[in-house]
Amino acid sequence: MRLPLCSPQHGRSRARVTHAVVVIFLEFFAWGLLTTPMLTVLRDVFPQHTFLMNGLVQGVKGFLSFLSAPLIGALSDIWGRKSFLLMTVFFTCAPIPFMKISPWWYFALISVSGIFAVTFSVIFAYVADITEEHERSTAYGLVSATFAASLVTSPAIGVYLSGQYGDSLVVLVATVIAVADIAFVFFVVPESLPDKMRLTSWGFPISWEQADPFASLRRVGKDTTVLLICVTVFLSYLPEAGQYSSFFLYLRQVIEFSPAAITGFIAMVGILSIVAQTVFFGVLMRTIGKKNTVLLGLAFQLFQLVWYGFGSEPWMMWAAGTVAAMSSITFPAISALVSHSASPDQQGVAQGMITGIRGLCNGLGPALYGFIFFLFNEDPQQAHRCLVVPGPPFLFGACSVIFALVVAFFIPERHQLAEVKTCTANKAGSSSAAHAQNGSPLAVPISDTEDLEPLLQDSVM
């Protein structure tokens with residue numbers, strides 16, 4: 001399916017999916033350059049408890065993201081996407097130069113940057129603004145594939161530059177790319193939200209309840225469909241977040257991959273993920289539907305986690321990596337399912353809530369994986385001597401995904417979601433006057449169903 005460059009329905013002749021793709025690519029390309037230098041800094045700064053401290057740093061960042069994502073998503077629905085996209089990209093990339101200036105400040109800033117590290121939330125809302133529903137799943141797959149594409153070559157480039165010129169040049173190049181990304185957002189990226197859906201003056205037209213992530217999670221339980229999707233996101237992304245934060249460190253210290261092998265592994269998984277999210281994802285969405293695509297992605301995730309848990313040889317990691325690439329279809333499929341349930345003026349809230357749940361997992365997952373490594377292997381380099389379970393955290397993740405599969409099986413099919421959406425639309429008329437009085441499309445609605453339905457969001461991705 002060929003995506004239109006812009007959505008003619010709303011007269012947005014400038015906002016394009018390619019803008020979102022470039023922003024995501026540059027941000028994660030900059031961080032990809034630092035993959036192996038960051039492993040070195042971690043071992044140098046925290047030589048005794050590398051896994052544990054890595055988990056704590058990433059955990060704090062993720063928890064702060066969980067706290068801030070609903071607020072940023074809701075505000076972007078009111079004031080527009082561009083200003084918040086600029087803010088998230090800036091603060092996400094801010095720690096990069098401090099890797100050489102001061103490693104302690106670098107890790108401290110990584111933790112604090114979680115407050116604004118919700119780029120995917122704003123990007124998916126941006127894409128939802130400029131695409132029709134029937135093409136949105138393909139656009140989400142393209143954005144997610146871009147994330148993988150950014151990691152195909154950047155770690156290898158980082159290793160090459162580090163070997164030839166030292167880590168200082170790698171950090172400098174990553175900083176320049178981050179600045180270029182910020183400049184691109186500021187000077188090139190247009191606003192995607194129509195003027196009629198934005199406020200003309202600054203204020204604070206949202207309630208505390210809309211910005212409170214815990215209040216949003218409490219409301220999830222009032223709608224069965226929302227609850228099922230959110231639980232699926234939590235159970236599947238909890239192990240994914242832990243794996244993402246520690247896996248390359250695991251390859252380096254436990255499986256004893258060389259820096260070149262790590263970059264080759266990342267490139268392989270990245271290329272296969274691009275194929276999975278651009279070719280197979282679109283075919284699967286059209287043939288078996290959103291829900292079955294989610295179930296298939298979870299099955300691949302379960303398989304690769306079990307393989308990582310019991311694998312003790314490098315070839316096993318390479319083989320499991322091919323399966324891991326196919327599991328990358330899960331998140332865009334969930335995002336498409338959520339977007340189908342959200343009204344146009346609440347895409348930011350919907351994306352923000354799913355990113356918020358993923359943010360909670362980004363806090364709990366790394367800390368949990370780090371603690372399990374610490375608990376079972378005080379010295380991670382001795383883990384390979386355990387012939388039965390070299391990677392205990394990955395088996396824990398596999399158990400979590402089993403529960404996610406069971407929960408996802410009970411998510412209603414598409415026609416049921418459409419019926420809920422229709423009921424919501426009928427109820428919306430009674431509360432539209434209240435929305436207009438508050439000057440915001442995000443004013444707290446009278447209907448619980450209307451308020452709950454958009455909560456199912458990418459993720460981010």
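Residue numbering: from 1, along the chain as shown.
Every residue gets a Cβ built from N, Cα and C, even glycine.
According to TrEMBL, the domain 'Major facilitator superfamily (MFS) profile' annotation covers 16-415.
Panel annotation: around the transmembrane segment (20-39), residues 85, 89, 92-93, 96, 99, 119-120, 123, 126-127, 142-143, 146-147, 149-151, 154-155, 157-159, 161-162, 167, 170-171, 173-175, 177-178, 180-181, 184-185, 189, 248-249, 252, 259, 262-263, 266 of the same chain, lying at least six beyond its termini, place a Cβ under 8 Å from a Cβ of the stretch. Residues or ranges marked as transmembrane segment by TrEMBL: 20-39 (among others).
Per TrEMBL, the feature transmembrane segment maps to 51-72 (among others).
Annotation comment: TrEMBL describes 84-99 (among others) as transmembrane segment. Within its own chain, the transmembrane segment (84-99) has Cβ neighbours under 8 Å at 23, 27, 30-31, 34, 37-38, 41, 72, 75-76, 105-106, 109-110, 113, 115-119, 121-123, 126, 167, 171, 174-175, 178, 181-182, 185-186, 189, counting only residues six or more beyond its boundaries.
According to TrEMBL, the transmembrane segment annotation covers 105-127 (among others).
As annotated by TrEMBL, transmembrane segment applies to 139-163 (among others). Sequence-distant neighbours of the transmembrane segment (139-163) (same chain, 6+ residues past either end, Cβ-Cβ under 8 Å): 3, 17, 20-21, 24-37, 120, 123-124, 127, 131, 169-170, 173-174, 259-260, 262-264, 266-267, 269-271, 273-274, 277-278, 281-282, 285, 325, 328-329, 331-332, 335-336, 339, 458-459, 461.
The transmembrane segment annotation in TrEMBL covers 169-189 (among others). Sequence-distant contacts of the transmembrane segment (169-189), counting only residues of its own chain at least 6 positions beyond either end whose CB sits under 8 Å from a CB of the stretch, comprise 19, 22-23, 26-27, 29-31, 33-34, 37, 82, 85-86, 89-90, 93, 96-97, 99-100, 158, 161-162.
According to TrEMBL, the feature transmembrane segment maps to 226-251 (among others). If you look at the transmembrane segment (226-251), the same-chain residues 6 or more away from its ends with a CB under 8 A from one of its CBs are 35-36, 39, 42, 50-51, 54-55, 58, 62, 217, 220, 257, 261-262, 265-266, 294, 298, 301, 305, 308, 317, 330-331, 334, 337-338, 341, 353-354, 357-358, 360-362, 364-366, 368-370, 373, 380, 391, 393-394, 396-398, 400-401, 403-404, 407-408, 410-412, 452-453, 455-456.
Look at TrEMBL and you will find 257-281 (among others) tagged as transmembrane segment.
Among the features that TrEMBL reports, transmembrane segment is placed at 293-310 (among others).
Residues or ranges marked as transmembrane segment in TrEMBL: 316-338 (among others).
Marked as transmembrane segment by TrEMBL: 359-376 (among others). Note on the transmembrane segment (359-376): residues 49, 51-69, 114, 118, 213, 233-234, 237-246, 250, 383, 392-393, 396-397 of its chain, located 6 or more positions outside it, place their CB under 8 angstroms from a CB of the stretch.
Taken from TrEMBL, the feature transmembrane segment covers 388-411 (among others).
If you look at the transmembrane segment (388-411) against the transmembrane segment (293-310), you find at least three C-beta pairs under 8 angstroms, all six or more positions apart, and that counts as contact.
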